Amino acid sequence: MDGDRDNLSNSDLEQRPLREDAECSAHLPPQNQSSTDVGAPHVIGACVAAFCMLCSGTLYAFGAYSDNLKAALGWTQLQMEIVGYMGDCGVYVSGPITGSIQDLYGPRVACGVAAVLFIVGYGGIALALTTGAFRSHIVFGILLYLAGAGSGLMYVSSLSSNILLFPERYRGKLVGALVSLFGLSALFYTTIYHALLGGQDPARLLTLLAVACGSAAVLGFAGLPRVLRAVGRMRWDSAPSESRSLTQSVKSIGDRFGVLFASGSYWMLLAIFTMVAGNGLMIINNLGSIAGSVAPASGPSLKATLVSMTSACNCVGRLASGVISDLLPWRRGTFFMIGAGIFASAIGIALATETPGVLYLMVVGVGVAYGILWAIMPTCVSEIFGAESFGQNWGCMLMAPAAGALIFNTLAGAVYDARGSGEGVCLGWRCFRPSLAVAMCCCGIAIAVAVAVTPRTRRGNGS
C-alpha cells in the first residue's frame, strides 16, 4: 500500500482528497435543500459568521497600540516584535490544531474554546496593564498567543462552516465577503480606540476586545451549529451508529495530512503564503514604529491613520478579489501574481522615494495585496484539496504566515535596534530599509512560484 502511494503523481495525490471527501459526505445527513438553493438558514449563518469574522482579525490592530505598550513597559523594539509575533503564532502556528478541532468536533466546540481564550488572553493583558502585576514581554506574549488561538478557532469555524453550508458556485464571493470583514476588524476597533477611548490607554481597548470577541464566540457557539442543522449539513451530532468512530476520524485526518504534505501544490502555495503574508504581517505589526521613524513629528494620528488605511485596503482587496475571481474566467492562481506584484511595486516606490507622504501609498498597496492573498488562498485550498477537510488543510496552510512573520519580524526588530540610539529610538528610512528591500525581493520570488502553481488552480465561473 505504501509503495503504491509512493508511485502516485502529484496530480493523483491532489485529486485523492476529493474522493475521500465524497466518502465523508456519505456520513452527512441528507440535505433538506438542493445544492443550489439558498434560504434563510444560509443568510443567518452568513450573518453570524460575519460578526465572528469582524472580531477574529483584532490582532491586526496591534500596530495601533504597540508603541504605547513599548513606552509604558520599557521594552526594546525586538521585545515588542516578539510579543506581536507570539500573537501571530496563536492564529497561525496553532492552525493544524484549530482546523482539526473544527473538523472533528464542529463549530460549537471551536467557538466555545475560543470564547475562553479571548477572555483569558485579552482580559489578562488588560488586567496586567491596569494593575501592573507583571511587565515581562514573554508573559504578555503568551497571553496574546492565547487571544490569537481564539481568533484562529473562530476564523476557521466561521469560514469552514459556511464553505460547507453554501453551494460551490457562491464560494469565491462568500469567502471574499467573510475574510474582508476579518481584514476590516483592525479599522473597526482602531477607530473605536481613538474616537471613543482616547487612543492612549491600551488597557481600555484590550478590555473591549475581551468582551466583544468573547461575545462573538458565544454567538458562534449558539448560531453556527443551528444553521448547519437546518440545512442537513450537521455531521458532528450524528449518533454513534451513523458516524465513524473517533479512532476512524483521527486515522482519516492522519491520512489526509500525508496526502497534503505529499502534494507539490501544497508546498508551492505554502511558499507564496510564507513570503507574501509573512512580510505583510511584518509591515502591519510595525506600522506604528515605521510612522514614528519616518515622520516622528506626526504623532499618534499618523499611526492610527496608517493602521486604518491598511485595514480598509485589506478589506477591499479581500472582497474585490473574491468576487472578481468568481466572475472572470481566469485561473485563481493569477491573483497571486497580481497581489505579489502590487505588494512589490508599493515597496519599490516607497524605497525609491523615501518621503513621509509615500507611506500612504505603501500601506494602500500592501493592504490591497495582503487582502487579495487571503481571499484567494482559502478558495484554492478548498478546491484543490476538498471542502470536507477544509479546516484541517487550511490550518496547515496557516503555518506559512507564522514562519514568515518569525523570519521577517526578527529581521525588522534586529535592524531597528542595531541602527537606533542606545535609548531604543531609530529615526529615518534607514531603520526599515533592509527589511523592506527583503520584502520586495520575496514578492518577486512569490510571483515566479505563482506562475508554476497557477495551472493547477481552477478557473472562475465566467469560463
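Counting begins at 1 with the first residue displayed.
Keep in mind that glycine also has a Cβ here, set from the backbone N, Cα and C atoms.
Unlike curated records, TrEMBL annotations are generated automatically.
Taken from TrEMBL as is:
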REGION    1-36  region 'Disordered'
COMPBIAS  1-24  compositional bias 'Basic and acidic residues'
TRANSMEM  43-62  transmembrane segment
TRANSMEM  109-130  transmembrane segment
TRANSMEM  136-156  transmembrane segment
TRANSMEM  177-197  transmembrane segment
TRANSMEM  203-224  transmembrane segment
DOMAIN    264-463  domain 'Major facilitator superfamily (MFS) profile'
TRANSMEM  266-284  transmembrane segment
TRANSMEM  333-352  transmembrane segment
TRANSMEM  358-377  transmembrane segment
TRANSMEM  398-416  transmembrane segment
TRANSMEM  436-454  transmembrane segment
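Most Cβ pairs under 8 Å to the transmembrane segment (136-156), among the stretches 177-197, 203-224, 333-352, 398-416, 436-454, belong to 203-224. Here the transmembrane segment (436-454) has long-range neighbours at 265, 268-269, 271-272, 275-276, 278-279, 282-283, 331-334, 336-337, 340-341, 343-344, 347-348, 350-351, 408, 411, meaning same-chain residues at least 6 beyond its ends whose C-beta is under 8 angstroms from one of its own. Ranking 109-130, 203-224, 398-416 by CB pairs under 8 A with the transmembrane segment (43-62) puts 203-224 at the top. Spatially, the transmembrane segment (358-377) is adjacent to the transmembrane segment (266-284); three or more Cβ-Cβ distances between them are under 8 Å for residues at least 6 apart in sequence. For the transmembrane segment (109-130), same-chain residues at least 6 beyond its ends with a Cβ under 8 Å from one of its own Cβ atoms are 52, 58, 69, 72, 90, 98, 101-102, 139-140, 143-151, 153-154, 156-157, 202-204, 206-207, 209-210, 213-214, 217-221, 224. Residues of the same chain lying 6 or more positions beyond the ends of the transmembrane segment (266-284) and with a Cβ under 8 Å from any Cβ of it are 60, 62-63, 88, 186, 260, 290, 310, 336, 339-340, 343, 362-363, 366, 369-370, 373-374, 377, 380-381, 385, 396-397, 399-401, 403-409, 411-412, 435-436, 438-439, 442-443, 445-446, 449-450, 452-453. Looking at the domain 'Major facilitator superfamily (MFS) profile' (264-463) alone, the prediction's average pLDDT is 89.
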